[in-house]
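Asks: According to TrEMBL, the protein carries these features:
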DOMAIN    43-156  domain 'Ferric oxidoreductase'
TRANSMEM  9-30  transmembrane segment
TRANSMEM  42-62  transmembrane segment
TRANSMEM  74-93  transmembrane segment
TRANSMEM  109-127  transmembrane segment
TRANSMEM  147-164  transmembrane segment
TRANSMEM  170-187  transmembrane segment
Amino acid sequence: MNQSYVKRLIFIASLWPILSLGIAIFQSNLGANPVEFIERHFGKWALIFLCLTLSITPLRRITNISEWILYRRMLGLFVFFYASIHLLCYIGLDYQFAWVDIKNDIIKHRYVLVGFLAWLLLLPLAITSSDKMMRRLKVNWKRLHRLSYVIAILGVLHFIWLVKKDLTEPLIYAVIISILLILRLNIFNRKKINH
């Protein structure tokens, strides 16, 4: 299949979180707390796209299909996109840009702190995602983008500390990310042995 066609399909499919939220709004299906529903909706999708992004390298190795790598950047940018909407919903809808209250919330609640740290670490990855930045940073680009695993761990912690009671869903993400991290470490160790 044509790669540009696949990229278009992935891009369109990646807009599903926005479309599904639009359907939920149209059907008045946002639950008792619409702001919380919207916040969590985009937060979960940021985590889903992060899992998809981290799965690209293992998939490439397992299937021996190098084309997988062509779709990683787009998926990674959608992680940043949905994480940014998640953050904007928190700042704008939840706190109406009351910066003092937001600062106090970051200090008071560890789940807010790790979520904010995860977004801050995502920012340089999004900024340096272009081919131009990859060429400019050279070997440091790979080192910088390994932060994606730290971001994944912070994202899971953010989710676990947020829900507190029913940990089923965040623990599913924790297991997925743990498996992906183990696979990535195995690939990294094999490269070191081969060199």
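Cβ from N, Cα, C; glycine included.
Because TrEMBL annotations are produced automatically, they should be read as predictions rather than curated entries.
Fair warning: this is a prediction, and the values are worked out from it, not measured in the lab.
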Asks: Looking at 42-62, 74-93, 170-187, which one has the highest count of Cβ pairs under 8 angstroms to the transmembrane segment (109-127)?
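Replies: By Cβ pairs under 8 Å, 74-93 leads among 42-62, 74-93, 170-187.
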Asks: Counting CB pairs under 8 Å, which listed stretch among 42-62, 74-93, 147-164 touches the transmembrane segment (9-30) the most?
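Replies: Out of the listed stretches, 74-93 contacts the transmembrane segment (9-30) most.
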Asks: Helix, strand, coil: count each for the residues of the domain 'Ferric oxidoreductase' (43-156), based on DSSP.
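Replies: Grouping H, G, I as helix and E, B as strand yields 101 helix, 0 strand, 13 coil.
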Asks: Counting only residues 6+ away from its ends, which parts of the chain sit with a Cβ under 8 Å from the transmembrane segment (147-164)?
Replies: 43-44, 46-47, 50-51, 53-54, 76, 109-111, 114-115, 117-118, 121-122, 124-125, 170-171, 173-174, 177, 180-181, 184
